[in-house]
Amino acid sequence: MDTCGVGYVALGEADPVGSMIVVDSPGQEELSQLDVKASETSGVEASIEMSLPPPLPGFEDSSDRRLPPDQESLTRLEQQDLSSEMSKVSNTRASKPSGRRGGRTARGAKRPQQRKPPSTPLVPGLLDQSNPLSTPMPKKRSQKSKGDLLLLKLSKGLDQPESPHPKRPPEDFETPSGERPRRRAAQVALLYLQELAEELSTALPAPPLSGPKSPKVSSPTKPKKTRQASSQGEEDGSARDEDFVLQVEGEDEEESEAPSENSSDPEPVAPRSTPRGPAAGKQKPHCRGMAPNGLPNYIMAPVWKCLHLTKDLREQHHSFWEFAEWIPVAWKWQLLSELEAAPYLPQEEKSPLFSVQREGIPEDGTIYRINRFSSITAHPERWDVSFFTGGPLWALDWCPVPEGSAASQYVALFSSPDMNETHPLSQLHSGPGLLQLWGLGTLQQESCPGNRAHFVYGIACDSGCIWDLKFCPSGAWEHPETLRKAPLLPRLGLLALACSDGKVLLFSLPHPEALLAQQPPDAMKPAIYKVQCLATLQVGSVQASDPSECGQCLSLAWMPTRPHHHLAAGYYNGMVVFWNLPTNSPLQRIRLSDGSLKLYPFQCFLAHDQAVRTIQWCKANSHFLVSAGSDRKIKFWDLRRPYEPINCIKRFLSTELSWLLPYNGVTVAQDNCYASYGLCGIHYIDAGYLGFKAYFTAPRKGTVWSLSGSDWLGTVAAGDISGELIAAILPDMASNPINVKKPAERRFPIYKADLIPYQDSPEDQDYSSTSSETPNPPKARTYTETINHHYLLFQDTDLSSFHNLLRREPMLRMQEGEGHSQLCLDRLQLEAIHKVRFSPNLDSYGWLVSGGQSGLVRIHFVRGLTSPLAHRVQLESRANFNAMFQPSFPTEGPGFSPSSHCLLPNP
């Protein structure tokens with residue numbers, strides 16, 4: 001028997017005996033309240049009885065007569081009235097029943113057994129004449145709740161037997177033609193509206209024989225909740241309204257199969273093709289196609305991105321003029337005679353024999369041997385330049401110039417005086433050495449350099465080996481035509497040297513034109529000067545200063561953002577030391593008798609257990625620094641909290657690292673002594689903020705001695721012990737590099753140096769037929785033995801274009817060497833590359849300088865990575881530089897205002 005608002009109907013024949021289940025009746029107070037309502041509804045039920053339609057043929061009662069109700073019937077009528085009112089309250093506040101048919105309700109109450117339905121179905125809307133108080137039974141598609149069962153027991157009376165569960169009406173009865181199946185919630189709402197209409201009207205119109213067509217009740221559509229969510233929502237009042245919500249997806253299917261005929265405004269349905277979930281977001285655009293240089297666009301896209309980012313960040317963090325009091329003075333530069341300069345000069349006066357083979361150009365096998373401090377003319381097609389420094393190269397850096405200045409480019413370097421000299425790191429040592437400054441001319445992107453690389457001047461030092469040198473990133477260069485009152489000279493840059501005696505020396509370099517104009521006509525060529533440094537930076541303090549406690553200074557890093565006042569150094573004992581260069585504190589700054597300064601650090605901490613091999617600042621924020629030591633650890637530091645590193649990674653023995661401007665991580669070169677098999681080479685390591693895994697940039701068989709990155713190109717270059725110089729274009733490291741496909745397409749060789757033996761004298765050797773497949777040369781442990789029986793062969797790659805790169809001979813040779821490289825470590829590695837540096841200047845951003853054990857320094861232009869976009873940026877920078885240039889005039893002293901300089905002050 002179903003409970004539906006105003007009454008109950010027993011359909012068909014009933015079993016004589018039903019099962020009885022005792023259910024607790026409602027409280028006395030609640031029944032007394034319902035008695036009052038029952039008296040109020042007696043008049044309404046009388047009107048309903050008068051408006052009942054006549055029965056259809058075949059549905060009459062067998063007696064065909066109406067008997068007056070007895071006292072027992074009246075008692076049942078009162079109970080039915082009470083149950084009618086209770087059903088109104090319970091149905092409007094009933095919770096959603098469980099979705100399982102024939103099981104327990106949401107509250108866990110068991111379904112009572114009811115009487116069987118009649119074999120002949122009834123038409124909805126018609127009344128049974130045998131029961132004058134019967135009401136139309138609305139259809140039901142869900143289970144009854146516990147409240148329905150309670151009302152059912154109350155209406156039947158505790159003394160009456162229960163009827164079995166009625167059979168389910170057929171589908172055609174539950175789903176009228178032209179309508180979708182209605183759920184129980186819609187039926188309850190419809191029944192409630194019918195009761196309101198009965199109270200307002202005295203009679204109801206006779207329903208049609210085909211069945212009633214109930215008006216649609218519009219309700220906001222919500223997604224169907226799960227069974228667990230619906231059970232939890234019974235205690236929440238808002239969750240009980242789920243019975244009035246239709247399932248969106250099920251409604252869409254039913255509406256497509258049987259659309260409503262009597263509804264003029266159908267409910268809006270979401271299109272099925274609309275994606276949902278995370279996949280509905282905007283997809284990342286793909287870079288398809290090929291760039292003009294022959295590389296895919298997805299490889300070149302990070303290069304173009306880095307160009308704009310570097311330009312914007314340099315405008316924010318770089319300066320036009322800093323350290324105005326440190327101007328070169330002519331009388332501090334003492335020109336040495338030939339006899340005085342001899343101890344500082346490298347011992348080798350001639351370079352080893354070498355030859356150059358360029359891809360795509362037939363060579364005649366020319367063998368070169370050049371003098372010390374000499375160079376060969378740039379190749380007219382490939383623009384590569386070579387010169388000889390006289391000894392193994394261990395320190396190298398470009399002189400920064402402002403963007404758009406179109407000025408001459410300079411590199412400073414240090415070569416060891418002896419080819420066979422070794423330097424123990426555990427002990428301090430000093431001795432003569434020569435700091436060299438080379439001029440490369442105006443390196444343009446459109447034309448071959450017109451001038452040879454030339455030795456400008458040298459600085460004689462007595463601090464031993466120079467392990468590292470760094471120029472001030474910006475604000476130290478001024479125009480060479482700036483006129484100054486004697487003895488002041490226009491400044492080229494500020495240079496810091498990390499020496500093997502534990503000191504850091506700071507020099508103010510003048511422009512070569514102004515300095516060479518001060519020397520007499522019969523002066524020695526090349527010019528070697530003995531210079532008094534601006535400042536000497538030491539560890540310790542004023543009262544306790546012992547450089548031997550920290551050992552040799554192995555690495556330097558200049559603060560990359562303006563005002564560039566801090567300089568960091570890494571020492572052999574694991575200390576990282578910081579100096580404040582313009583400090584006036586008497587505890588950190590002492591003026592010596594010769595006019596120079598001695599500076600002491602303002603901060604230092606123990607960063608590693610062993611020697612600090614390299615350090616780098618974050619170029620976007622000077623609060624962060626990274627260091628790598630001989631303890632195989634890479635540590636990221638926040639200088640505001642130096643007591644603990646931000647991130648510490650122990651992987652391998654790092655030789656050098658590079659922190660590119662756009663990315664939150666460093667590219668690391670490694671020694672192969674601790675590397676896992678197949679994993680030696682170049683790695684990109686995230687700083688820890690993004691949590692990405694290490695990205696294997698390029699595999700190498702031997703130790704990678706040097707690594708350099710170009711902020712303008714988003715590219716790193718590395719030179720190793722086997723004499724191969726390669727470049728790798730990094731992907732966009734702002735996203736996870738684990739998804740990068742085909743990393744082999746992102747790297748390419750620049751040149752490969754091989755040590756080739758010859759049988760007889762160099763004049764009888766056929767160099768044109770010699771190749772890198774020559775058998776391994778005999779073991780030679782000294783430089784003299786090596787050059788007597790070997791020569792160097794440089795095999796250059798055509799860098800003007802990268803079309804068909806994967807099938808070209810240099811690329812195949814590089815890939816073969818990555819898997820089957822032959823290293824001979826028991827001889828002098830004359831072909832090894834020790835230092836590599838990309839140009840940091842916009843005017844020469846595609847140029848790369850490298851050198852190594854042989855003392856030969858080579859310059860290459862990676863023309864294929866340049867683009868018309870970069871050329872437009874260069875033109876804009878030149879226009880801005882010319883707008884800021886002012887006519888120069890003599891200045892009165894070192895403390896002049898920047899407004900009197902050739903550049904306008906910083907914005």
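Residue positions begin at 1 at the first shown residue.
Note: Cβ is positioned from N, Cα and C throughout, glycine not excepted.
If you look up Swiss-Prot, you'll see 25-186, 203-289, 758-780 marked as region 'Disordered'. The phosphoserine feature in Swiss-Prot is assigned to Ser62, Ser130, Ser163, Ser219, Ser256, Ser593, Ser867, Ser888, Ser897; the stated evidence is similarity to another entry. Look at Swiss-Prot and you will find 62-79, 162-171 tagged as compositional bias 'Basic and acidic residues'. The compositional bias 'Low complexity' annotation in Swiss-Prot covers 148-158, 211-221. Annotation source Swiss-Prot lists compositional bias 'Acidic residues' at 249-258. Residues or ranges marked as repeat 'WD 1' by Swiss-Prot: 461-517. If you look up Swiss-Prot, you'll see 548-589 marked as repeat 'WD 2'. Under the heading repeat 'WD 3', Swiss-Prot lists 607-647. According to Swiss-Prot, the feature repeat 'WD 4' maps to 828-870. Under the heading phosphothreonine, Swiss-Prot lists Thr891, citing similarity to another entry as support.
Only residues 6 or more beyond the boundaries of the repeat 'WD 2' (548-589), in the same chain, are considered here, and those with a CB under 8 A from a CB of the stretch are 317-319, 322-323, 425-426, 428, 467-475, 496-504, 506, 535, 537, 539-542, 597-619, 621-622, 625, 627, 629, 631, 637, 639, 906. For Ser867 (phosphoserine), other Cβ atoms within 10 Å of its Cβ number 18. On the backbone, the CA of Ser593 (phosphoserine) and the CA of Ser867 (phosphoserine) stand 54 Å apart. Distant neighbours of the repeat 'WD 3' (607-647): 313, 317, 425, 551, 554-561, 566, 568-576, 578, 653-661, 666, 668, 674, 685, 687-688, 711; these residues of the same chain sit at least 6 beyond its ends, with a Cβ under 8 Å from one of its Cβ atoms.
Each residue in the repeat 'WD 3' (607-647) gets a DSSP state, and the totals come to 0 helix, 19 strand, 22 coil. For the repeat 'WD 1' (461-517), DSSP puts the residue distribution at 5 helix, 24 strand, 28 coil.
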